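Data block below; observations after.
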């Protein structure tokens, strides 16, 4: 009996601890709001010091050590995520006091939060839509859009596929468009085998699909029947295409590059000859129309916070070297300095 | 004449035995499928992930390089969430169970509540995520914080805890309560000193199993916006956080093969944690059973 009483007592203790945590939570919130208030008053002086420190890297760093802290919330495209993660990781090494968090709600989900004023930066694999921009302006959110890298949407087939040398944009449209009557490869081009085409596509939620829909399908939407499989997980698409000689699929260049030993990339002809995606063709824009720019959208009101400015500045100055490391294609060097001016 | 009967009987018995044997085989197969599936999963995961199971996994924050990436913030995030939700869901769950079993009158309203709770136990977890997003994140302005996550998870496991605690309380023989009343004890004295101590093993088992469900859940936390890249440890309940299943999910969807291995090693950590929790549930049950 005694033992049992003891057990009950310790249970009561646990409950008390739970209550304590709850009250601590409320306390914390109050602290947050006061610290926000004080940083607001400091803003004017920050801006000045920021401007003078701009061209001097070391001075900027000192600035950082003294007064940077706070949180930078980032959310948005899962395609852009590896880029932002890489920047956040390196930025965190120099500025351990700044807490950067990155989520993957998708481009659309990111803009929803961004235009509600919840985010400092939104990752996007497509430009903001008119509708989203309207929400933003309704809520008084002004922003700068920075182009950070390119991605080349890659059409891939299995390594065993020996008949495809290239596809034209029209043929792609014919294969994938909604209500398509194409069943076999023979329907695409005369002389190709009369074998059923198996298609693999990212799901409708992804920016990759959006981009494909816009550039290849003229926004008419993709077919949805027994011949096509959708997945939000690009590795599933890789496995699907790899598994059949007559399969075709598309996804970001990084996934092709990583699986180049298992897949064959299809050169695309948009009227100027067949061109395969590669860092060079994506960078100089000859891999059209499937090379796409990736963006970050920075809330202008947030740029006045020194840590957000420092982060965005660091982002645009370092993404060039980080992009290729995570499988994307950097912009030409002079483009980055051009983009950096948008932060002022 | 006699012989015929005996033979017919034998045939019948042999027939029954055959049915008996086939059914037994069928049930054995049914049992082993579950075990074999678990074994196959374990072996596959371990062979994939063992190479990445190293100190960095526990000491490092997420990184773009698989060789440097760890899940420190995810492990700590999962543990903190557990620390907040365990007492909360215990208090609310067991309280509700005591009320429903001991205090509430057995009328239509109680039956309605009962039905609702059982239904809630089967609601898909993403629905709780949507509720948590509306209620805790937006309405109560908790933001995408540890607290909002823990509250959402508490809602998710509450019905499970209530149902299992009710069953444990119901299993206490009526004679124990009667004996307590006969000694002049009040209702609360009876509940706290007789009913709860005898049912505590069952209640705790239910709570721990519910907790182990919660640490494996991804969907509701993705919904309320638990983040993927968090390179710091939460210092208070209002901080942003991430949990193990989200980190694993992110690693699985990377193109690089080394991240797949990393995800597998993350799964090993999660599995070990689950096994430890289930083990502690068994140990607790045994410990308290001895004192009965």
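Just so it is clear, glycine is given a Cβ too, placed from its N, Cα and C backbone atoms.
Residues or ranges marked as transmembrane segment by TrEMBL: B:21-43 (among others).
TrEMBL lists B:75-280 with the feature domain 'ABC transmembrane type-1'.
Sequence-remote contacts of a segment are chain residues at least 6 beyond its ends whose Cβ falls under 8 Å from one of its Cβ atoms, and for the transmembrane segment (B:79-100) they are 110, 113-114, 117, 146-147, 149-151, 153-154, 157-158, 161-162, 165-166, 168-169, 191, 195-196, 203, 207, 210-211, 214-215, 234, 237, 241, 243. The annotation transmembrane segment is assigned in TrEMBL to B:79-100 (among others).
The transmembrane segment feature in TrEMBL is assigned to B:112-136 (among others).
Look at TrEMBL and you will find B:142-165 (among others) tagged as transmembrane segment.
With a threshold of 8 Å between CB atoms, the same-chain residues lying at least 6 positions outside the transmembrane segment (B:218-237) that come near it are 61-62, 72-74, 76-77, 80, 84, 124-126, 128-130, 132-133, 136-137, 144-150, 152-153, 156, 243, 245-247, 249-250. The feature transmembrane segment is assigned by TrEMBL to B:218-237 (among others).
The annotation transmembrane segment is assigned in TrEMBL to B:257-284 (among others).
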Interface check, the transmembrane segment (B:112-136) with the transmembrane segment (B:21-43), three or more C-beta pairs under 8 A: no
